[in-house]
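Take a look at the structure set out below.
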Amino acid sequence: MNRVYNFSAGPATLPEEVLEQASKEMLNYGGTGMSVMEMSHRSKAFDNIIKTAEQDLRDIMEIPDNYKVLFLQGGASLQFAMIPLNLMTDKKKVLMMNTGAWSKKAIAEAKKFGEVVVKASSEESTFNYIPDVDSLDFSEEADYVYITSNNTIYGTRFTKLPEVGDKPLVADMSSNILSEKINVSDYGIIFAGAQKNIGPAGVTIVIIREDLIGKADDSVPTMLNYKTHEKSDSLFNTPPTYSIYIAGLVFKWIKEKGGITAMEKINIEKANILYNYLDESELFSGTAEVKDRSLMNIPFILPTDELNAQFIKEAETKGFVNLKGHRSVGGMRASIYNSMPTEGVEKLVAFMKEFETANKN
Ligand SMILES: *Cc1c(COP(=O)(O)O)cnc(C)c1O
């Protein structure tokens, strides 16, 4: 069996151990005589799957008891609307940071529901840095403050949070949840589409402080009200059962590997292998500002479009796939989520060195 090193930004590579276990359980899950895909979401077996997944996530992220974990659908993108619908209820105002394409989409959506104050933006330099939050004043009245904690396309991340006082901080962690230790109680809402660092597409994790549930107006559609999903333990309607099952296996895998502390240590080592080479190379260069570099998504470029195209093509023949960068940045992007083994990054860098030797003049 030939597996490639898949550097896709999402849907992304999953741990081989998880895929193997899922394949073993494909036809007959836990003696039920059926696949998880075929079982009722109200069955005992599935109840156990979703409850165990939630508990494992609570354990690895150390989620306090006054936070609810919801398994929703609609992707991270639906949260761009659900968050203002549920939270922009008092001041009808939100303070947002514009640090990339996903922030921009969240800003555009929030504007449909109230006033958006964009506190800072790095758009003028293709979002290659995070504006300094310490020099910004977040004291004005607003229902909440919003950030994208890791910018998947540009390879930047917040290494420091804004001082928001008692306003809830909402974070889109789609591409860095579970990658490094965070303090859940610093946030009002943490949300993430699963397909980057959690599991298959289809499930969106929302971690929400209890007091932020139940604020939505009665006119808000039932499915878009957090209260609906909180009351029914994410079983108001049929949830994405198979995605939740795989996400649960990934949470167990993280636990067995030593939890998020262990993930973070490996992620720092992994990212440094690539960053150190980008810094010493005379041919390749990283595009994000050093102080804001992501541990998960690493964009880099060669001096010409021709070399970029040649590199991507040659890399693919060696089994390093999905390295093409987002069109807004160009060049390459290596997404190295928790499931990317260190060996994958080491081998990629070895190949980049060969490429440099062959192509420098
Ligand atoms: C991928 C991504 C999204 C969009 O996720 P969907 O689940 O496709 O809606 C939003 N935010 C960030 C940071 C992302 O990386």
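Yeah, the Cβs are placed from backbone N, Cα and C, and that goes for glycine too.
All TrEMBL annotations are machine predictions without curation.
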Annotated companion of A76, S77, W102, T152, Q195, N237, T238 at the pyridoxal 5'-phosphate site, TrEMBL, chosen from D56, D132, D172, D217: D172
Densest Cβ neighbourhood among S77, T152, Q195, T238 (binding-site residues), 10 Å radius: T152
Cβ under 6 Å from ligand 1: qualifying binding-site residues of R42, T152, N237: T152
Alpha-carbon distance [K196 (N6-(pyridoxal phosphate)lysine); W102 (pyridoxal 5'-phosphate binding site)] in Å: 14
Most crowded position, judged by CB atoms within 10 A, among R42, K196 as recorded positions: K196
Cβ neighbour count within 10 Å of D172 (pyridoxal 5'-phosphate binding site): 30
Set of same-chain residues at least 6 away whose C-beta sits under 8 angstroms from N237 (pyridoxal 5'-phosphate binding site): M223
Number of Cβ atoms other than its own within 10 Å, given for A76 (pyridoxal 5'-phosphate binding site): 25
